[in-house]
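Per Swiss-Prot, the features are as follows:
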{"type": "DISULFID", "residues": "100-192", "note": "disulfide bond"}
{"type": "CARBOHYD", "residues": "8", "note": "N-linked glycosylation site"}
{"type": "CARBOHYD", "residues": "92", "note": "N-linked glycosylation site"}
{"type": "CARBOHYD", "residues": "268", "note": "N-linked glycosylation site"}
{"type": "TOPO_DOM", "residues": "1-28", "note": "topological domain 'Extracellular'"}
{"type": "TOPO_DOM", "residues": "50-57", "note": "topological domain 'Cytoplasmic'"}
{"type": "TOPO_DOM", "residues": "79-102", "note": "topological domain 'Extracellular'"}
{"type": "TOPO_DOM", "residues": "124-136", "note": "topological domain 'Cytoplasmic'"}
{"type": "TOPO_DOM", "residues": "158-199", "note": "topological domain 'Extracellular'"}
{"type": "TOPO_DOM", "residues": "221-240", "note": "topological domain 'Cytoplasmic'"}
{"type": "TOPO_DOM", "residues": "262-274", "note": "topological domain 'Extracellular'"}
{"type": "TOPO_DOM", "residues": "296-323", "note": "topological domain 'Cytoplasmic'"}
{"type": "TRANSMEM", "residues": "29-49", "note": "transmembrane segment"}
{"type": "TRANSMEM", "residues": "58-78", "note": "transmembrane segment"}
{"type": "TRANSMEM", "residues": "103-123", "note": "transmembrane segment"}
{"type": "TRANSMEM", "residues": "137-157", "note": "transmembrane segment"}
{"type": "TRANSMEM", "residues": "200-220", "note": "transmembrane segment"}
{"type": "TRANSMEM", "residues": "241-261", "note": "transmembrane segment"}
{"type": "TRANSMEM", "residues": "275-295", "note": "transmembrane segment"}
């Protein structure tokens with residue numbers, strides 16, 4: 001039952017997700033591709049988290065933040081991808097009203113948390129390169145925990161506030177969401193209430209978070225660039241740049257796609273383009289981040305080799321003892 005009588009109004013009890021395509025063949029192809037991407041996302045991010053936890057060489061603030069970023073990427077992708085995979089195979093792509101609110105709230109929470117963590121990681125690189133002698137004091141365990149906990153609290157408050165403001169609106173039909181998940185714009189289009197206040201509040205909130213985090217990242221890297229250019233050692237410059245390249249790549253990919261969807265005027269792109277870009281930043285980027293941070297990072301590659309070496313050595317000892 002998609003509608004429920006509520007006084008003088010008919011309230012929506014479930015939504016229909018239009019998805020990416022109606023073509024049955026294309027659905028199978030997309031299901032296979034996105035399933036493979038999701039499996040790589042889960043394995044890659046879990047491996048990053050476990051490697052940082054078990055390797056004492058990686059017990060540094062930078063990797064502490066990276067492990068939380070991996071957790072966020074895992075949660076971000078999982079808030080949307082499993083449901084999208086089910087809808088590729090299902091005939092009736094419905095999601096309950098409560099399910100839609102949970103999906104929207106989860107996606108908002110992890111999206112905002114990613115912004116905060118990327119800003120925190122930029123600040124960490126700034127302190128490491130510009131104030132190396134004070135790094136252990138400025139980025140102590142206590143400070144790192146406070147930064148992460150603050151990011152989680154801020155994201156939770158924002159997600160709760162935005163979700164409540166949207167799902168307090170009246171939805172009385174139609175109930176087709178022209179997207180593959182419960183996103184802000186498609187939901188607002190379905191409301192039969194006055195949406196001016198929720199739209200203004202949500203836009204201000206998103207704009208403020210984006211501006212603050214981008215400002216922190218931009219200022220951090222401006223000081224980093226100035227410091228690196230003053231270095232006389234070519235090796236020192238190369239080492240400093242190499243520690244920042246991965247983070248800058250992740251920042252560019254994430255903020256580039258988010259800006260395309262939430263900052264650019266809606267008249268500049270179609271709904272289908274919006275869907276494609278959404279797939280990129282919610283499904284593809286969480287898969288790419290572990291690769292971006294590990295491929296150019298000698299410490300992570302070294303820790304992985306040591307852990308694999310220990311595993312092989314212990315297994316060979318077991319086989320030797322048995323023989």
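Glycine is no exception: its Cβ is also placed from the backbone N, Cα and C atoms.
Here the features listed in Swiss-Prot are painted onto the structure.
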residue	record	DSSP class
92	N-linked glycosylation site	coil
100	disulfide bond	helix
192	disulfide bond	coil
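Only pairs six or more apart in sequence are counted, and the transmembrane segment (200-220) with the transmembrane segment (103-123) gives three or more Cβ pairs under 8 Å, enough to call it a contact. Non-local neighbours of the topological domain 'Cytoplasmic' (221-240) in the same chain are 122, 125-126, 129-130, 248; each lies 6+ residues outside the stretch with a CB under 8 Å from one of its CB atoms.
On a Cα basis, residue 92 (N-linked glycosylation site) lies 15 Å away from residue 100 (disulfide bond). Residue 100 (disulfide bond) is surrounded by 23 other CB atoms, counting those within 10 A of its CB over all protein chains shown.
Broken down with DSSP, the topological domain 'Cytoplasmic' (124-136) shows 12 helix, 0 strand, 1 coil. Listed as Cβ neighbours of the topological domain 'Cytoplasmic' (124-136) (distance under 8 Å, sequence separation of 6 or more from its ends, same chain) are residues 61-62, 65, 219-221, 223-224, 227-228, 240, 243-244, 247.
Secondary structure of the topological domain 'Cytoplasmic' (221-240) per DSSP (helix as H, G, I; strand as E, B; remaining residues coil): 17 helix, 0 strand, 3 coil. Other Cβ atoms within 10 Å of the Cβ of residue 192 (disulfide bond) number 15 in total over all chains. Within the chain carrying the topological domain 'Extracellular' (158-199), a Cβ under 8 angstroms from the stretch's Cβ atoms is held by residues 2-3, 9-12, 14-20, 80, 83-84, 87, 95, 97, 100-101, 103-109, 112, 205, 209, 266, 271, 274-275, 278-279, 282, all 6 or more beyond its ends. Residues of the same chain lying 6 or more positions beyond the ends of the topological domain 'Cytoplasmic' (50-57) and with a Cβ under 8 Å from any Cβ of it are 63-64, 66-67, 299-300, 302-304, 306-307. The Cβ neighbour count for residue 92 (N-linked glycosylation site), using a 10 Å radius over every protein chain in view, is 7.
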